[in-house]
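S.K.: Let me begin by handing over the structure; questions about it come next.
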Amino acid sequence: MKAPSRLQHCLGRAIALWGVLGALALRAMASSPEPVKAPPPQPEPLPYEKLVAPFQPPPAVSSAPAPEDTEARIALGRLLFFDARLSKNHDVSCNTCHDLATNGADHQPLSQGHQKRKGRRNSPTVYNVGGYIAQFWDGRAPTLEVQAEGPLFDEDEMAMPDDRRVLATLTSMPEYVKRFQAAFPGEKKPVTLSNLTRSLAAFQRQLTTRSRFDRFLAGQREALTEQERRGLELFVTAGCVTCHNGPAVGGTSLQKLGLVEAFPKIADLGRYEVTREEEDRMKFRVPTLRNVEKTAPYLHDGSVAQLDEMVRVMARYQLGKTLSPEQVESLVAFLRSLTGELPARYAAPPELPKSTRKTPKPDPT
């Protein structure tokens with residue numbers, strides 16, 4: 001056989017070299033990562049004015065005079081709030097279920113009242129409730145004055161048999177009589193159930209808590225961290241402010257629970273049980289979110305134990321959204337910025353008027 005020529009030899013080597021280079025190129029192409037896609041453009045941050053607008057006080061809609069919350073009435077209301085002798089067995093006060101030292105709540109799913117009976121609904125905080133559109137979860141009390149009377153006679157709460165027992169208790173103690181006279185001067189018989197509820201309401205209207213968020217609302221933009229501000233922006237843009245708005249970040253409306261997706265727990269029908277109107281089925285008064293990190297468990301039945309879980313539940317059933325872990329963390333960070341200072345002058349238990357021989361005895365029945 002004739003030996004290959006020099007030209008053929010060189011050509012063979014060139015072809016082999018190109019083959020090797022081609023194989024290497026193919027391998028490189030196969031192993032090289034996909035080109036990185038540019039992230040989608042981020043929306044422009046909301047202006048400060050749009051972040052704070054939902055939390056401003058609403059315009060006045062009534063010409064009715066504001067309640068006259070004098071210092072004498074506030075001081076009397078504080079005594080009444082802490083006095084367990086206003087319960088049948090002298091063992092339940094307003095503060096029992098709405099402990100002012102622990103953010104106005106008792107941290108139980110359902111509170112215990114007379115004879116350790118449990119009510120149907122979670123005891124909400126009493127801090128920052130002065131501007132609520134209505135009181136109780138179902139909104140059945142239009143004012144704090146009306147609300148204050150309810151627990152006194154509820155058999156699962158303070159269980160007083162009637163107003164005569166309440167008034168007999170108060171008039172049996174000379175200091176209480178003097179306090180009522182000072183709080184309601186000019187009245188011949190100031191110790192009345194109406195004046196009791198007016199005093200309790202006057203006291204509760206003082207129970208406000210200022211937080212870093214209030215400094216942000218007042219113009220101190222550095223009062224919130226970057227993460228808290230992201231959470232606030234999401235709170236606004238995702239629609240949370242539709243219900244949780246106003247100075248208390250809630251309390252301005254009654255809303256249906258399960259607005260987008262039917263809520264799984266439907267034993268309590270909310271406002272429907274008051275009005276029997278179909279449109280009120282599963283409607284509850286929106287609670288304040290101030291101090292929300294300190295007032296677990298959540299919802300009308302106390303069925304949600306953790307704040308991050310509550311954020312996910314609300315996003316799903318009220319907004320139809322599934323939040324990312326980062327979004328939940330940002331929202332929780334913002335909600336924690338709503339934790340305020342408790343008013344020390346009101347939160348500590350006062351020295352109560354002393355009982356006398358005429359004071360009705362505890363009744364465990």
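Cβ atoms are placed via backbone N, Cα and C, with glycine included.
Relevant sequence annotations retrieved from TrEMBL are reproduced here:
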| type | residues | note |
| --- | --- | --- |
| BINDING | Cys94, Cys97, His98, His114 | heme c 1 binding site |
| BINDING | Cys240, Cys243, His244, Met314 | heme c 2 binding site |
| DOMAIN | 226-339 | domain 'Cytochrome c' |
| REGION | 102-124 | region 'Disordered' |
| REGION | 345-365 | region 'Disordered' |
S.K.: Tally the residues of the region 'Disordered' (345-365) by DSSP class, grouping H, G and I as helix, E and B as strand, and everything else as coil.
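M.R.: Across the region 'Disordered' (345-365), DSSP assigns the residues as follows: 3 helix, 0 strand, 18 coil.
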S.K.: Just to verify a number: CA distance, Cys243 (heme c 2 binding site) to Cys94 (heme c 1 binding site), in angstrom, no decimals.
M.R.: 27
S.K.: Looking only at C-alpha atoms, tell me how far Cys240 (heme c 2 binding site) is from Cys97 (heme c 1 binding site), rounded to the nearest Å.
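M.R.: Rounded to the nearest whole number, the Cα-Cα distance is 28 Å.
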S.K.: Can you name the far-off residues of the same chain, 6+ from the ends of the region 'Disordered' (102-124), with a Cβ under 8 Å from a Cβ of it?
M.R.: 87-89, 91-92, 96, 137, 151, 154-159, 207, 268, 287, 291, 294-303, 342, 364
S.K.: Helix, strand, coil: count each for the residues of the region 'Disordered' (102-124), based on DSSP.
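M.R.: Output for the region 'Disordered' (102-124) reads 4 helix, 2 strand, 17 coil.
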S.K.: If you compare CA-to-CA distances from His244 (heme c 2 binding site) to each of the binding-site residues Cys94, His98, His114, which comes out shortest?
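M.R.: Nearest by Cα distance to His244 (heme c 2 binding site): His98.
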S.K.: Helix, strand, coil residue numbers for the domain 'Cytochrome c' (226-339) per DSSP?
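M.R.: Residue counts in helix, strand and coil order: 50 helix, 9 strand, 55 coil.
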S.K.: For His98 (heme c 1 binding site), which residues in the same chain are close in space, meaning a Cβ under 8 Å from its Cβ, but six or more apart along the sequence?
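M.R.: When sequence neighbours closer than 6 are ignored, His98 (heme c 1 binding site) has Gly104, Ala105, Asp106, Ser123, Pro124, Thr125, Val126 within Cβ distance under 8 Å.
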